[in-house]
Amino acid sequence: MADLEAVLADVSYLMAMEKSKTAPAARASKKVVLPEPSIRSVMQRYLAERNEITFDKIFNQKIGFLLFKDFCLNEIGEAVPQVKFYEEIKEYEKLDNEEDRLRRSRQMYDAYIMRELLSSTHQFSKQAVEHVQSHLSKKQVTATLFQPYIEEICESLRGDIFQKFMESDKFTRFCQWKNVELNIHLSMNDFSVHRIIGRGGFGEVYGCRKADTGKMYAMKCLDKKRVKMKQGETLALNERIMLSLVSTGDCPFIVCMTYAFHTPDKLCFILDLMNGGDMHYHLSQHGVFSEKEMRFYASEIILGLEHMHTCFVVYRDLKPANILLDEYGHVRISDLGLACDFSKKKPHASVGTHGYMAPEVLQKGTCYDSSADWFSLGCMLFKLLRGHSPFRQHKTKDKHEIDRMTLTVNVQLPDAFSPELRSLLEGLLQRDVSQRLGCGGGGARELKEHIFFKGIDWQHVYLRKYPPPLIPPRGEVNAADAFDIGSFDEEDTKGIKLLDCDQDLYKNFPLVISERWQQEVVETIYDAVNADTDKIEARRKAKNKQLGQEEDYAMGKDCIMHGYMLKLGNPFLTQWQRRYFYLFPNRLEWRGEGESRQSLLTMEQIMSVEETQIKDRKCILLRIKGGKQFVLQCESDPEFAQWLKELTCTFNEAQRLLRRAPKFLNKPRAAILEFSKPPLCHRNSSGL
């Protein structure tokens, strides 16, 4: 029966994988719904205060670029060929051979440079033109051939064109998408969890599918009780920090994180899914690798380490078991549990796996940085070639002996190794950090320029164009079955209680990596959601002519901000009423949908603006003269933060002005008021 369950779990997992490749959006069981266009008023202020509304910030975001491009191609009343030219340059940079680059560069020169030169409409500098002409005439077509144009294209777009974009519906749509992104609160309900694919010291790893996009991920779940039992809280939090550091920027050679969230019992990392097994497994199945095969893996791992070191992260646990293969055979570095940020302070702890740890890591109290990873790389490459660590002769398991050899023994390399390989390994396995390859100030560049990698096109490596020496079997789960992986003994943690102070440790644990979320959305549901939203907004406008006119009411007035909020209402104070609010320097106005009559509350009548909670939801509490209260709730985190800030600032400024104003200005004004009794007290029929 257990065998049948394992087979069914494998089949379900493989089917989910296949469907996620062909039509991930079709597999989505939840729907992403964009907020109404009126969200723009709040989101524009929210983003502007965080310096997120600049040309560079929007243009360099995936969704921002697509909306800006759509605006330039379809909505602006003038031709904007620069955007297409920019896209062509980006595609050109991905080309991996000189012949293709030469052909494409000539086509681009004819289409975007020569044609404009002939018609005297070329907007770019003479230096940029001459740079391209000079290199083309010599057939020097590097990936950076058009780089001067990238800078000038961006400069030409950031002025009037960007300002027009900011005034367009496409910027409104950008605000709608950003509101969704900044209001993500993940739970287990947002994923379909499939079979277990691995287990570690604190928890398990599962294959999973994100419900709203259909994209497949790996979900690493750490048991909070087990973490507490092993006093691993610092390690768990450190892994989340390290993953957040290395998961920004495009690095295809690290298992990156897209999300982190937690439940009452688990800490969850949502990571790149790697289906090809690990190098330790393949070493046992395939046997040792040749120099040529090892060179392939070394080159990809070097780029992964280079990315980490650029982020000032030292990995500290490089070994075959932590190198995972994807379904095509390319590799990524996984498990950053022992990684460390050395940007401000160098680590000195002795952590890692015996047989791969650098001498300076083993010497207690000695500080180190990225140097440790280059030594570990030498140990790992030796194992791929010989089947064992250079300091683990005759399969000894004595950790002290392994450490002693690491600190004292000069590795004897086999005669069968080529001179180039011997030079590489001797450089990496230097005990003296100052003499070690990669530690002379050049970092990964020192390895890239080593004779062992002569002839390697590193752009080719980055684009994963070299054929992998080993391709994992298709249609198989390259992981042990659930029975072999095993499970934790629940008795171990039976006596462990999670207290409020334990949960407080993880209050800042949730995280969304913006660029990775946007990439996921664009690959899956972006076009479909935009199309659905366009239809919904068109239907709403046709049904209610007042919709879309909220901003018209605010224009020409001193309105600070406007948008929807929920107001606690009805005689029994149990119902949230959705109203459209306008904040002015001296008052707060609102009206219901379809209502022409405005209600208002003056700043003179407010005694304080406070944050409160009702049923675990953050709310804004306005205390009103006479002992009454006015309670508001927002539909997203950014809205709540901005409304609370703007109401507080407006109230404080109004109070300051009222204290300075002559007494006759403080006479009560007639106003249409709506109040509610304190919602946390005994309720009665008085109030709204």
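FYI, residue positions are counted from 1 along the chain as it appears here.
Including glycine, each Cβ sits where the backbone N, Cα and C put it.
Copied from Swiss-Prot, the annotated features are:
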{"type": "ACT_SITE", "residues": "ASP317", "note": "active site, proton acceptor"}
{"type": "BINDING", "residues": "ILE197, GLY198, ARG199, GLY200, GLY201, PHE202, GLY203, GLU204, VAL205, LYS220", "note": "ATP binding site"}
{"type": "DOMAIN", "residues": "54-175", "note": "domain 'RGS'"}
{"type": "DOMAIN", "residues": "191-453", "note": "domain 'Protein kinase'"}
{"type": "DOMAIN", "residues": "454-521", "note": "domain 'AGC-kinase C-terminal'"}
{"type": "DOMAIN", "residues": "558-652", "note": "domain 'PH'"}
{"type": "REGION", "residues": "1-190", "note": "region 'N-terminal'"}
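Features per Swiss-Prot, on structure.
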residue : record                       : Cβ contacts under 8 Å, 6 or more apart
GLY201  : ATP binding site             : ARG226, LYS230, GLY232
GLY203  : ATP binding site             : LYS220, CYS221, LEU222, ASP223, ARG226, LYS266, LEU267
VAL205  : ATP binding site             : ILE196, ILE197, GLY198, ARG199, ALA218, MET219, LYS220, CYS221
ASP317  : active site, proton acceptor : ASP335, GLY337, LEU338, ALA339, VAL351, GLY352, THR353, TYR356, SER376
To what whole number does the mean pLDDT across the domain 'PH' (558-652) round?
91
Using DSSP and collapsing to three states, where does GLY201 (ATP binding site) fall: helix, strand or coil?
coil
Could you state, as a whole number of Å, the largest distance between Cα atoms of any two of ILE197, GLY198, ARG199, GLY200, GLY201, PHE202, GLY203, GLU204, VAL205, LYS220, the listed ATP binders?
15
Just give the helix, strand and coil counts over the domain 'RGS' (54-175), going by DSSP.
89 helix, 0 strand, 33 coil
Among ILE197, ARG199, the one of these binding-site residues whose Cβ has the fewest neighbouring Cβ atoms within 10 Å:
ARG199
